[in-house]
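Participant: In case it's useful when we look at the structure, here is the feature table from TrEMBL:
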TRANSMEM  7-26  transmembrane segment
TRANSMEM  99-121  transmembrane segment
TRANSMEM  133-150  transmembrane segment
TRANSMEM  156-173  transmembrane segment
TRANSMEM  231-254  transmembrane segment
TRANSMEM  293-312  transmembrane segment
TRANSMEM  324-344  transmembrane segment
TRANSMEM  373-396  transmembrane segment
Ligand SMILES: *[C@@H]1O[C@H](CO)[C@@H](O)[C@H](O)[C@H]1NC(C)=O
């Protein structure tokens, strides 16, 4: 497999430079609350760099930057991507701006690494052209835009998710016709590693727990096959994710309970569940109120592109390639939860990990009859990147 690294890197750099220029030249900020933070900072960088960094101290980045420096003070801080924060804290850097720049650099490296991983995953199923196009589209990222350039945890979450898929796909033989399920584990160590990576992914983004579905489906298949070795391997791998999930909850419990009351007293005490409802208003139809109509409009294109892609892959590609069914299931759950339970507009970014969208755009792009659709999506993606980057640098929604 020869990966067109330089071509992709060139595209990556061009797009990032355009975004950085937009950020730099966006005049003023609508919300001036971060001026309070900025006025107390000392920058070790030239004025140009500091100006760009200042404009990126908005929305969730305010929060991340604070967490890179200060220990967690409130319970809601603990459920917000602790893995990403702990990772940045590993570096012996103390200055606010230096940490911000470092986290932005790592985030962008993860973005590019995701594009390379997507190439490798895609190449296992399609030709070089489709693979290269898919990588190009994850670099453009039609709906997530600047979120994949600033220091949000999106990029590291996407990277770990794609790495899990990659390791999983190369470790399992999906054409073992001696088994009823046609499936067997060809590389046990790589298989277990995919679960370890999924666990790391969970510490960065709680819905990484959904990757457990991979191992549940495997377990079901291997039980049918009555394949004892594979059952044990799958249980071991799946339980790394489950243990990570359980121990995070236990850690929260020990840290806050029983003094905290409220969520400590529920039957399954979970700070995750409580904090999402309490601080982020997560719950069935909770977000469906008239004042959120703008948020639904902002995410409408992403919802359309993602639902269409998930359906398209399910109809046309899953019959040829059973192994991608699990990606369809995971993505369908994310879309369903995003629309009905979560703050819907986050779908703009939390869907950016999924190969389904990038495959759909690429498959349409190489088909003369369907090319128009891909061109519209790409056109929208470029336009949205410009608009959204401008809004973000101006401290305006979407967040
Ligand atoms: C396994 O492969 C055979 C032959 O291609 C096919 O007929 C069968 O439906 C497959 N089984 C599963 C569970 O996918």
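Even glycines carry a Cβ here, placed using N, Cα and C.
Note that TrEMBL annotation is computational and uncurated.
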Participant: I'm a bit unsure how to read this: which one of 7-26, 99-121, 133-150, 324-344 has the highest number of Cβ pairs shorter than 8 Å with the transmembrane segment (373-396)?
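Facilitator: Top-ranked stretch among 7-26, 99-121, 133-150, 324-344: 133-150.
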Participant: Are there at least 3 C-beta pairs under 8 angstroms linking the transmembrane segment (156-173) and the transmembrane segment (99-121), leaving out pairs fewer than 6 apart in sequence?
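Facilitator: By the criterion, they touch.
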Participant: In terms of Cβ proximity under 8 Å, which residues at least six beyond the ends of the transmembrane segment (7-26) contact it?
Facilitator: 48, 51-52, 55-56, 108, 111-112, 115-116, 119, 132, 135-136, 139-140, 145-146, 149, 385-386, 389-390, 392-394
Participant: For the transmembrane segment (231-254), could you work out the same-chain residues 6 or more beyond its ends whose Cβ comes under 8 Å from its Cβ atoms?
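Facilitator: Same-chain contacts beyond the ends: 75, 78-79, 185, 188, 191-192, 194-196, 198-199, 202-203, 209, 211-212, 215-216, 218-219, 222-223, 264, 269-272.
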